[in-house]
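Reviewing the structure listed below.
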Amino acid sequence: MESYKVMLNGPAPWGFRLQGGKDFSMPLSISRLTPGGKAAQAGVGVGDWVLYIDGESTGTMTHIEAQNRIRACGDRLCLTLSRAQNHLGKPQKDSLPCSEPPKYNFAPSTALNKTARPFGASSPPNPRPGLVTKPVTYVPLAPACTPQHNGQVSVPDPSPGAAMKTEPGLAPRTPAATPGPTSRPPWAVDPSFAERYAPDKTSTVLSKHSQPATPTPMQNRSSIVQAAQQAPESPGRTPLCYKCNKIIRGRYLVALGHYYHPEEFTCCQCRKVLDEGGFFEEKGSIFCPKCYDTRYAPSCAKCKKKITGEVMHALKMTWHVQCFTCAACKTPIRNRAFYMEEGQPYCERDYEKMFGTKCRGCDFKIDAGDRFLEALGFSWHDTCFVCAICQTNLEGKTFYSKKDKPLCKSHAFSHV
């Protein structure tokens with residue numbers, strides 16, 4: 001790993017923003033640079049990993065610990081970094097199978113800033129194609145408003161039934177298992193990841209996964225969905241129907257390791273024959289997809305109706321996608337970042353328009369913890385309130401104004 005060291009002379013700001021940390025399960029890295037700032041002039045690049053801060057390793061630091069360590073440096077900051085392009089060529093480990101959500105350790109900074117959890121205490125893995133999310137935690141802008149994670153979106157869709165096999169003398173064949181897809185971390189394959197997922201945002205990354213062709217054995221999960229397989233009678237062996245315990249003459253179904261007459265393999269509620277279209281098994285009972293959704297599907301926190309399509313997990317509750325909307329523009333939030341203000345969710349655009357505060361000098365947001373001042377009817381970072389001509393810092397000093405621009409005593413009557 002090629003690393004380099006930079007020495008920045010104070011005072012702050014240093015001209016960069018961080019993302020990641022131990023509490024995000026992501027390496028600490030540079031997410032944004034201020035054009036012409038101290039870090040940019042020193043050759044620091046967006047996406048570069050921060051290995052050491054003043055000689056102290058960042059491997060065990062949380063995001064807040066890293067920020068506090070930088071603040072404690074005073075007028076001189078020494079950083080050891082690794083170039084971003086070095087990480088792109090490294091082989092990444094395969095992602096987790098789609099039936100298990102990725103494991104992350106989240107340490108929320110406020111009582112409300114917590115990740116949404118999947119519905120139910122022991123929700124069964126979804127064996128069909130679905131979407132897996134990777135939430136990113138956010139540090140709140142101000143005590144009055146707390147951004148939230150919007151969880152995950154999943155799309156249940158029962159798989160079609162297996163093909164009919166009626167030629168005599170052929171044993172039923174099981175499709176070969178398809179290996180699960182592999183993926184690489186988004187910060188390694190997407191050059192724009194650092195900009196889109198800066199620390200002042202909350203969002204989720206969605207990855208499409210395919211279900212292996214062979215269903216997972218029943219003992220490994222409490223609820224499964226699969227298709228009953230039809231097969232002819234094997235020579236020299238007479239199967240018995242698992243339901244009626246009678247000898248099967250002719251075609252039969254193989255499901256859950258048992259044999260059935262085709263007309264006796266039915267949904268336990270609506271009695272629909274399940275030789276095609278797939279089925280669910282829950283605690284020994286067999287359901288068609290429709291009855292399973294009706295009985296076990298979660299309820300929407302807004303309209304209180306059952307959710308049988310896309311499920312939105314947010315604020316520790318489940319929602320229809322069309323029910324969880326921005327309080328201002330009424331647009332479904334889906335997997336985008338959102339912020340909470342007075343108990344109502346807002347999309348990022350409307351929140352910035354209605355509640356956001358920007359520095360008059362640099363036009364960047366004033367984040368929580370940033371030093372700022374109010375002057376000339378605007379908000380300024382403490383380091384951005386300077387003379388419009390000579391750039392002398394005017395914090396705590398006498399100043400003059402012309403066309404809403406601050407001027408020092410020496411340039412009070414200069415043309416702006």
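Every residue, even glycine, has its Cβ placed from backbone N, Cα and C.
Features as listed in Swiss-Prot:
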DOMAIN    1-85  domain 'PDZ'
REGION    145-191  region 'Disordered'
COMPBIAS  168-181  compositional bias 'Low complexity'
REGION    202-221  region 'Disordered'
DOMAIN    239-297  domain 'LIM zinc-binding 1'
DOMAIN    298-357  domain 'LIM zinc-binding 2'
DOMAIN    358-416  domain 'LIM zinc-binding 3'
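Across the candidate stretches 239-297, 298-357, 358-416, the maximum count of CB pairs under 8 A to the domain 'PDZ' (1-85) is reached by 358-416. When DSSP labels each residue, the domain 'LIM zinc-binding 3' (358-416) comes out as 3 helix, 18 strand, 38 coil, counted as helix, strand and coil in that order.
Along the domain 'PDZ' (1-85), the predicted structure has mean pLDDT 87.
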